[in-house]
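> What follows is a structure written as structure tokens; I'll ask about it next.
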DNA sequence: TCTGGGGTCCTAGGACCC
DNA sequence: TCTGGGGTCCTAGGACCC
């Protein structure tokens, strides 16, 4: 067992909101929310009123009447997020980026250059503050799980170092919902058997946890509660799926509604897959009905696909079958497509959409080639003139997107 | 007056093969 | 004809994270 804490977890505080307060000093010290119809991020001043990310804007206003809404500077988020991660990268190459504003790092190999892990954490915080003007919290511990918890405890704008000798003492008095993998459902189930803290979880017999959470989840949480976390820093992991979704408000479950939406979603996904030569074999659609229940349908093909029109047609077939199985659902509120079983690298020109029967989809046919050529042409034009220059227009959707495209891109993983 | 969008992982049951 | 076991893949759903 390693006896030193060398794992760092660094997390920019209320990232989008902090960037807005950095760009506009008049917003500093005030409750602000990025977004409009929906709160994408809230400053700490706003969180004090109960405002949270994902919350409808109207509800946020009720909680905090003096709340100021700002539309986001999404390019700045990307730039500053990249810059913060780069600061960490100046200390060690072993950096695992989790999202735009968060990363793990292992500094075991660079303490001889920069001093003990706690010193490195201080230096990172100081540099991000001085060079970028942003607050960042850092946790230091022997495992990723504990480092992540430590950074949560450190927020806002703090540093917490968990000494290996006192890690269980630190961990066990904290509430279970701070653990990675414990959300509302698991928290509620644990509460039913009287488990509120990580210490209580640690002392709960394995068989009880298995009963309440299932065998795998129970064993995993028990291990984390004793700080047995085997995960290592992974510097580059490839994406396993790519998807897109669109909330619709309330729309009738009809072809004229879902066809243009699915084409638009397929266009977004297809262009990403083609850009990285990573077509996929499994296509999954999700339909959310008016009552917020959602249902999925998927199909796995013999060969991977990434052509926009083929993706769209397959998605349409799946949605049609899904709706036929739910004849009483007349209203849909969201459509989603996801492509998984992605190839590591694939020459897209060789794309062979087997498993589909339509003559037009087969390779070598005139229509099949025409579709590949059309995608290729669209991709080239977008390379030169930008995504909106051409495509299966969102004008067809008839509604403006509830979330700007730039925001969507921030959440996209590198394929 | 019912919360957006992009992801990951796990599970249970069934099909199919050896 | 009935019986058993193991492994892999697929599907649908659920929980969770940022």
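Heads up, the Cβ atoms here are built off N, Cα and C, so glycines get one too.
Per TrEMBL, the features are:
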- A:102: active site (ACT_SITE)
- A:11, A:101: Mg(2+) binding site (BINDING)
- A:7-183: domain 'UmuC' (DOMAIN)
- A:16: site 'Substrate discrimination' (SITE)
> Look up residue A:16 (site 'Substrate discrimination') in the DSSP assignment and report helix, strand or coil.
helix
> Could you state the whole-number distance in Å separating the C-alpha atoms of residue A:11 (Mg(2+) binding site) and the residue listed as 'active site'?
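One finds 4 Å between the Cα atoms of these residues.
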> Counting Cβ atoms within 10 Å of each candidate's own Cβ, which of the recorded positions A:11, A:101, A:102 comes out highest?
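Compared across A:11, A:101, A:102, the most Cβ atoms within 10 Å surround A:101.
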> Given a separation of at least six residues and a C-beta threshold under 8 Å, show me what packs close to residue A:16 (site 'Substrate discrimination') in the same chain.
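A:34, A:40, A:41, A:72, A:77 - these are the non-local Cβ neighbours of residue A:16 (site 'Substrate discrimination'), listed in sequence order.
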> Give the mean pLDDT for the domain 'UmuC' (A:7-183) on the 0 to 100 scale.
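Averaging the confidence scores along the domain 'UmuC' (A:7-183) gives 95.
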